[in-house]
Amino acid sequence: RESDHRAWTPVSYTVTRQNATVQGLIQGKAYFFRIAAENIIGMGPFTETTKEILIRDPITVPDRPEDLEVKAVTKNSVTLTWNPPKYNGGSDITMYVLESRLIGKDKFHKVTKEKMLDRKFTVEGLKEGDTYEYRVSACNIVGQGKPSFCTKPITCKDEIAPPTLDLDFRDKLIVRVGEAFSLTGRYSGKPAPKVTWLKDDIVVKEDDRIKIKTTPTTLCLGILKSVREDTGKYCVTVENSTGSRKGFCQVNVVDRPSPPVGPVIFNEVYKDHMVVSWKPPLDDGGSEITNYIIEKKDTHKDLWMPVTSATVKTTCKIPKLLEGREYQIRIYAENLYGISDPLISDEMKAKDRFRVPDAPEQPIIKDVTKDSAVVVWNKPYDGGKPITNYIVEKKETMATRWVRVTKDPIFPGTKFKVPDLLEGCQYEFRVSAENEIGVGDPSPPSKPIFARDPIAKPSPPVNPEAVDKTKNSVDLSWQPPRHDGNGKIIGYLIEYQKVGDEEWKQANLTADSCPETKYKVTGLTEGLIYKFRVKAVNAAGESDPAHVPDPVEIKDRLEPPELILDANMAREQHVKAGDTLRLSAVIKGVPFPKVTWKKEDHEVSPKADIEITGVGSKLEIRNTVHEDGGIYSLTVENPAGSKTVSVKVVVLDKPGPPRNLKISDVRSDSCYLTWMEPEDDGGSVITNYVVERKDVASAQWVAVSSSSKKRSHMAKYLIEGTQYLFRVAAENQYGRGPYVETLKPIKAIDPLHPPGPPKNLHHVDVDKTEVSLAWNRPDRDGGAEITGYLVEYQEDGAEEWTKFQTVPMLDCVVTGL
């Protein structure tokens, strides 16, 4: 029954043992129990427990703690952690007992005397290099429980692990001004690394905006309400004794730019526009300036008018101004993150400061030629801005359009040579000056000029001389003047004077009757002496005369023959057979010499064409053959003497036939051919020989070799017993010459030799006047069947052998002895 109730509740009616388990009790309540014995007669009296029993679990010592782990080891300390026991024995844990044992010793010793309830403890004051193992026990009200399982032996030494770094941020970070940003990551290492934050190589320090938080495994740099000055290269360094790791991030805190830098400069001011410039902002806000916004304002009005918002240059043209009004200019800089405060200019009045240059004065034209002229002018007023270029124009006098003479700038000179004029055309020229404002008015046109070379009288002819004479004429020759006066030489005037006279007579009346640099003066008197002179004439007039140096006596001239060889007689001539041979020479001599051609001191072949003119001679042979080669000589002869020249002519042709073809060393399948080179190689080196053979029963020649450079050849692959003819021809670069052929065929058989001696000669029988002999066949038959055996005998003491007879068999009876 429950202690506070009076009614008893049966537990079991059939218990035969002396114990029973009572179930269904409520924990925390107190109960009384009673027991009675029973037999077949009936139930005896109850026995009752003396005091109430409180229902609760029995209390024991705690189980062993779990998961004892070593968290850190240094050279003089060990840090351990563990978990509580699975069962505390029915009573709360009151403390833990941590024990250690030095390896090599038997007993465990308590690590600390203090009461310890934390499940983490660092054992300090250890000796470096010692090795320990640890265990821990839990205590409750009953007492100390079983110790945990021991740790592995732990040696006191610094644990080493190089730092690692795992960052949550990228290489670059863009942040708007006023926003917060943080750089975070994780790290590890043994011993615990030191974490350092740098910005642009300077250590970052905490303040109201900058916060640094570092845990044993995480790191963080946070910045509140960022400003432009927070832009920079951030670096986090994680370092311990084993090394270091670094992480970088380029943080760009961006904002709208600062205003453009003034003052606004008015580079150019005109009545209707201005050109202004300024300097870029000192701070572009961390982002490239994308454009400038320019506005203008008439100072009489309060309205700002847009000019442009699309310029990226720091200069701008302000158009559409009213002359005489004053204006202000306002300039903003813009980037991706906004527009700056404005830069405002001073007031500026719209009026012309500068103008284009004045027109130059009328230019002067000098040094005119057939295709060029030099234009010269004076520098005009430059309009307040320096002249940067002159523009020279030309036009034909009858035309209306002016054309620039060059696209290239003409500066700083005030003269220009105009090229590419058309000869004979009349031109005018004008000049304009240009400065940065523009091009000024052109000058008045120059005086017209014709494009042609200026003409002066020519200089005298050069080196006049009498080159020939007869009994009534003189041939004069000279060279053109050194200077033609820039005019075409029309011709020459020739004059002569009898020695002793004062008057010069004209040999020709007009210059155009003698356009060449030679003239034959006729109608002179034989035996008299004359002087001669020549003048050159162009459109400007006659030149000064040039005199023939010496007076000339009029009579027939006697000059020995002279030969001037053409190239085809200057050295040995090579002509390909079938081509045409040409030999020629220029012949001089007074009177003209007699001409004779010979070959090898004999008359030239009738097929040769010989031509003789007043100045030379030519020999020509068409379709040359090899026999046309040889030494050709040309003889010229007149009363003053004679001259002979000769030239060797080689007609290049196919070579002649080889000589002395012989066949030797005939075998059943080969023979050896030899020959000598042809007497005539055709004028060219023999390159190879062609060898052919022919079966006498066949009409066809078969090539044996076509590339042999030697004068011999081994003809192989003959058929035994067949009769062959052979022939050989020589080849050079002009072709193949005629063949030389063997006179009679050869038969392809091995050569015959005498047979060997018969063997084993012996007598079979002997009589008083005869001897029977026998022998064996010789070892070799010499290449042919043995037809018989010659038997001879010799009387003892004699020198001569006497023939008996020739027998076909291997025995013989010698009689008549």
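Just so you know, glycine gets a Cβ as well, placed from its N, Cα and C.
Feature region 'Disordered', per TrEMBL, maps to range 455-480 of the set 221-246, 429-454, 455-480, 481-506. Within its own chain, the region 'Disordered' (455-480) has Cβ neighbours under 8 Å at 486-487, 489, 492, 494, 496, 517-526, 530, 532-550, 552, 554-557, 590, counting only residues six or more beyond its boundaries.
Taking every recorded stretch in 1-58, 259-353, 359-454, 657-751 and counting its Cβ pairs under 8 Å to the domain 'Ig-like' (163-252), the highest total belongs to 259-353. Model confidence over the domain 'Fibronectin type-III' (1-58) is summarised by a mean pLDDT of 85.
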